[in-house]
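S.K.: I have a structure here, written as structure tokens, and I will follow up with some questions on it.
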Amino acid sequence: MWGIHHARLHTTLKTQQWLPLGSRILIALSGGQDSVCLTRLLLDLQPHWQWSLVAVHCDHRWRADSTANANFVQQLAQKWHLPCEVVSAPDLPKTEAAARSWRYQVFESVAKALDCTHVVTAHTQSDRAESLLLHLLRGTSPDGLATLLPSRSLGAIQLVRPLLGMTRAQTAAFCQAYGLPIWQDETNHNLEYRRNRLRLELIPYLQQHFNPNVEEALAQTAELLASDRAYFEAEVERLAPTVLREHPPALDRLRLREFPLALQRRLIQCFLRQHLKRGLNFRVIEAVRALMTTGNGSQTASLPGGQHLRVCGRWIELVRPMPPPPAPVPPDPGERSPPPSPLY
């Protein structure tokens, strides 16, 4: 098979070199329209690129039909002569975030076990637009809006998302045009999930009343922000050694004042990420920025973990809470207490 989407993906891969000639590639295959579309495209392009392709299916065990879904994927892979691994979750993931984290752990471990250099997922332009909106509505930084990068590292493996140039409507049309079987996941229509409500209600509303090409517009915004993020990350990596002190942890507030506001915030964020496991937000970053111009001895309110930041000369130092005193050691029952001293 060869059509317009084959040609576009072939051209994109030649330009970007995301999946080099002869790569061994692990395909995340859920059985839905997006992953079936991606798998068929890669199989059709395989003779041109000499890839070695294998698939993995993650069974979260959330749904009563999850075993039937896994069997469907295995049968489809067998029909297409595609080796396929099915991995079932040992425990039911409690949240969507936990499920996502488990999936990516599976992708990395299976890729390593099968000597794959790349993992591909079937995220589309529609997914990228939805992710940007979700992050925006929740509240995030510009970096948080630069969502679903086309390529990033997954440990020693490279994760690639080749379908970010296609919408979900286009993957559906592709599957229909080529008569490809797809698994219908009923949970995709459950409005208890925020992403489903956004996909089924908000995006169509925006398309009807504001911009029929809103998915493309939002995805382009994410792409622009991604290039900005790459630039700022490189700048922060270059400048951090001139601003951050490791022992004891501190920020050089005089040096920090020399930089534009965008770099100040990112350098502070870089510092705090090294020392805070949670609770990093806009309010905390602005509280640290306020210490750039306050008097000696000024300090922030308590941060997560009981830590706080305090001005000491030119430095904004991280102050950790004092460890509790060690518990007294009980006397050995076998030992006798010394006799009391005589009173004189």
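A Cβ is built for glycine as well, from the same backbone N, Cα and C atoms used for every other residue.
These figures come from a predicted structure and were not determined experimentally.
Copied straight from Swiss-Prot:
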- S30, G31, G32, Q33, D34, S35: ATP binding site (BINDING)
- 323-344: region 'Disordered' (REGION)
S.K.: Using a Cβ cut-off under 8 Å and a sequence separation of 6 or more, which residues in the same chain sit near D34 (ATP binding site)?
M.R.: A122, H123, T124, D127, L163, R168, T171
S.K.: Neighbour count first, Cβ atoms within 10 Å, every protein chain included; then name which of G31, G32 tops the list of binding-site residues.
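M.R.: Checking each of G31, G32, the winner is G31.
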S.K.: Within 10 Å of the Cβ of Q33 (ATP binding site), how many other Cβ atoms are there?
M.R.: 24
S.K.: Which ones in the same chain are close to S35 (ATP binding site), with CB under 8 Å and 6+ residues apart in sequence?
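M.R.: Counting only residues 6 or more apart in sequence, the Cβ neighbours of S35 (ATP binding site) under 8 Å are I27, A28, L29, T121, A122.
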S.K.: To test your reading of the ATP site: which residues beyond S30, G31, G32, Q33, D34, S35, same chain only, put their Cβ within 8 Å of the Cβ centroid of those residues?
M.R.: L29, V36, C37, A122, I182, W183, D185
S.K.: Would you count the other C-beta atoms found within 10 angstroms of the C-beta of S30 (ATP binding site) for me?
M.R.: 21
